[in-house]
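Contents: one structure, followed by commentary.
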Amino acid sequence: MRSSLLLLVFFLSIGWARYCVHNEKSWCQGHNIWGWCFHNKSSGVFNCDDNAFCVSQEQLKNKKSSGCFLRDNSSICCCNDADGCNLGFIGVQPKYAHGQQCTNSMEVPNEDIRQFRPCDDPFCYSVLTAEDDGGPTTVTRGCHSRKMVMHHMSKNEDDKYQNNTKWRETKQIAEMPSCAEILKDQPKVNGTTSMCVDFTYDQEAEDGEEVDEPIKMKGRLCCCAGSNKCNEHAMWADEGISLTEMLEEIEARKVPVDSSAPVNIILSIAFSIFLIHF
């Protein structure tokens, strides 16, 4: 009886997940029952308690909680009370040590700009889209990590129950490199790091709509970090690179660079020749 009960608890628990913000991947997925979201206010790390700091704290065991510990002059924060809850630590003292406030708005052609409450995030973003051959631009601005957590929560729910299609609205940016990858190695200018990536795509038809040819679209994802509302003015004229160039750059980072290797090879060959002849 006991083993059957434990098995039931296991199968029920694997059906749920705790979604957290991740400073490199934008989002991560932990366990809903014993999973924690983590943030280190000194290092700027956000993750799903990858090093098991939170889960190892005796005072947190079997509790829903949110708070910070002082460890080695650093505030280390844990929460498991909501998806993406480690975003809430950005505004905890010291405020904005990592992360900033982002503009949160929607600009649709021929409509009034819709301004929403600013949000806190490790990365701010803007997405610009328009028909490839020209035309008015639609702009969405907001918090990138928060948006990616919401995207994957929605998609997971839709995959299971076919009742939530909100993820389709953010499918394009979810398939792009993360803001951490886009901004890596970019210089700071006046305290802000920023970069835009250009891409193209075919606009999908609405449900039930038939089209002869999909509409060719162009898009631009701009990421920034370092100053409040740094995403407020990102537009087509800003500096940017193509998605192809960005992906090539990301792949190049994975190749270890060892400038001593060619020298070592030459010395090895020379030494071999010396041994043969002498």
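In case you wondered, yes, glycine gets a Cβ from its N, Cα and C as well.
Per Swiss-Prot, these features apply:
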type     : residues : note
CARBOHYD : ASN40    : N-linked glycosylation site
CARBOHYD : ASN73    : N-linked glycosylation site
CARBOHYD : ASN163   : N-linked glycosylation site
CARBOHYD : ASN190   : N-linked glycosylation site
SIGNAL   : 1-17     : signal peptide
TOPO_DOM : 18-254   : topological domain 'Extracellular'
TOPO_DOM : 272-278  : topological domain 'Cytoplasmic'
TRANSMEM : 255-271  : transmembrane segment
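The Cβ of ASN40 (N-linked glycosylation site) has SER74, SER75, ILE76, CYS77 as same-chain neighbours under 8 Å, each 6 or more residues away in sequence.
In this structure, ASN40 (N-linked glycosylation site) is part of a beta strand by DSSP. Less than 8 angstroms from the CB of ASN163 (N-linked glycosylation site) sit GLU157, each of them six or more residues away in the same chain.
Taken together, the residues of the topological domain 'Extracellular' (18-254) have an average pLDDT of 94. Cβ neighbours within 10 Å of ASN73 (N-linked glycosylation site), excluding its own Cβ and spanning all shown chains: 6. Just so you know, the Cβ of ASN190 (N-linked glycosylation site) picks up 7 other Cβ atoms within 10 Å once every protein chain is counted.
Taking the C-alpha positions, the distance from ASN190 (N-linked glycosylation site) to ASN73 (N-linked glycosylation site) comes to 28 Å.
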